[in-house]
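In what follows, a structure is listed as structure tokens, so that the remarks can point back to it.
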Amino acid sequence: MNAQQSRAQVTAARRVVVKVGSSSLTTAGGGIDPVQVTALVDALVSARRRGVEVVLVSSGAIAAGLSPLGLSRRPSGLAAQQAAASVGQGLLIHRYTSELDRHGVVAGQVLLTVDDVTRRSHYRNAYQTFAKLLELGVLPIVNENDTVATSEIRFGDNDRLAALVAHLVHADLLVLLSDVDGLYDGPPSTPGAALLPEVHSLDDLAHVKVGGAGSAGVGTGGMQTKLEAARIATGAGIPVVLTAAARVAEALDGSEVGTLFHATGRRRPTRLLWLAHATEPMGTLVLDAGAVAAVTQRRASLLAAGVTGVEGDFHAGDPVDIAGADGVPVARGLVNFDAAELPDLLGRSSGELKRELGAAYEREVVHRDDLVLL
Ligand SMILES: Nc1ncnc2c1ncn2[C@@H]1O[C@H](COP(=O)(O)OP(=O)(O)O)[C@@H](O)[C@H]1O
Ligand SMILES: N[C@@H](CCC(=O)OP(=O)(O)O)C(=O)O
């Protein structure tokens, strides 16, 4: 496939998720950069006019809230960040809404937490909301619900959130916008660093040196979280274009800008993708060798009989790691029992548990549908 043919996947995309980072939306002095927002909105509206459905994932709430609160830089404490996000998210949406209004486009705000897409009932709900918004011609603008997320359940970076949203809405393409015009083989400030126009497999990037966030101090993850996002999306069958926010119009019309990451894998259930890549495990279940084989090779549910140890303080429904005797996680799943209930059940067969404790205890410790191999 030559470079031009590669970009045909971009122009063929009918549903696109575009993610823009804080560093591309804010001025050097802090606050939202109106010029950048106008340029971004114009490019998104042009794509919509070509019949493309667009979902925007926008960071910038914390950055936009700094100057109204008299802060000159991103605070380190979670509560202060949440306060800044609370102030800034309204300003950010107001800016988008008024820009989109010039084009007669209606914006819809969608604030997501990790729970919204790990819990079965929530993620179905999130999918239906997006589908309805798109059907109504609304441009959804997504951010993490920073003000309510706690440090344990926070995403922290919107790159992975964007990849998971792309999968959730069944997008054909993910466009990651930053202040740098693509992936370089080393931090772009390093002399001689060269842009990589195409990446066929993220496993080929051993030679690439990846640094942290840019100099402005408002971005969070740097290139690392963008590569993680690219891994999630491409592994689920969605190609990714990474480029500078200033080049969004070219990226969307299929010009050869930035870095194109080719899709490598196929679609998987969104919730499982989320479980593998986005959740913080609340504990670990240690298994005997037979149970490891059952879970990893036969894709069976995990039963109490094969669990030998329980670590952590979790509740039914929480994500937990599933490890072999060496403690190395082999899978992650949503557990069906509280940590406190499990010690009495370990090593016992389902039939025995049902006889002694009642039918409610016959259930799997982790059901195979709620389990993903790592
Ligand atoms: N190999 C690399 N290629 C490109 N950029 C890199 C690389 N390593 C580190 N970076 C840095 O990552 C920064 C982008 O991340 P970040 O500041 O978090 O952006 P955003 O706010 O857009 O999410 C760039 O400004 C760049 O300095
Ligand atoms: N939800 C946070 C954004 C966190 C984040 O990922 O920021 P960035 O690295 O700029 O994309 C906010 O709106 O400030």
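Even glycines carry a Cβ here, placed using N, Cα and C.
A quick note: this is a predicted structure, and the numbers were derived from the prediction, not measured.
Listed in TrEMBL for this protein:
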BINDING   Lys19, Ser178, Asp179, Thr220, Gly221, Gly222, Met223, Gln224, Thr225, Lys226  ATP binding site
BINDING   Ser59, Asp146, Asn158  substrate binding site
DOMAIN    283-366  domain 'PUA'
These are the binding-site residues: Asp146, Asp179. Which one scores highest on other Cβ atoms within 10 Å? Asp146
What is the three-state DSSP composition of the domain 'PUA' (283-366), stated as helix, strand and coil residue counts? 26 helix, 24 strand, 34 coil
Around ligand 1, within a Cβ distance of under 6 Å, which of the binding-site residues Lys19, Asp146, Asn158, Asp179, Thr225 show up? Asp179
Just checking a number: largest C-alpha distance across Ser59, Asp146, Asn158 for the substrate site, rounded to a whole Å. 11
Considering only the binding-site residues Lys19, Asn158, Asp179, Met223, Thr225, which possess a Cβ situated under 6 angstroms from at least one atom of ligand 2? Asn158
Sequence-ordered list of residues in the chain of Met223 (ATP binding site) that lie 6 or more positions away and have a Cβ within less than 8 Å of its Cβ, or none, is Val180, Leu183, Pro187, Val210, Gly211
Ser59 (substrate binding site) to Thr225 (ATP binding site): how many Å between their Cα atoms? 14
Cα of Asp179 (ATP binding site) to Cα of Asp146 (substrate binding site): how many Å, rounded? 22
Can you tell me whether DSSP puts Lys19 (ATP binding site) in helix, strand or coil? strand
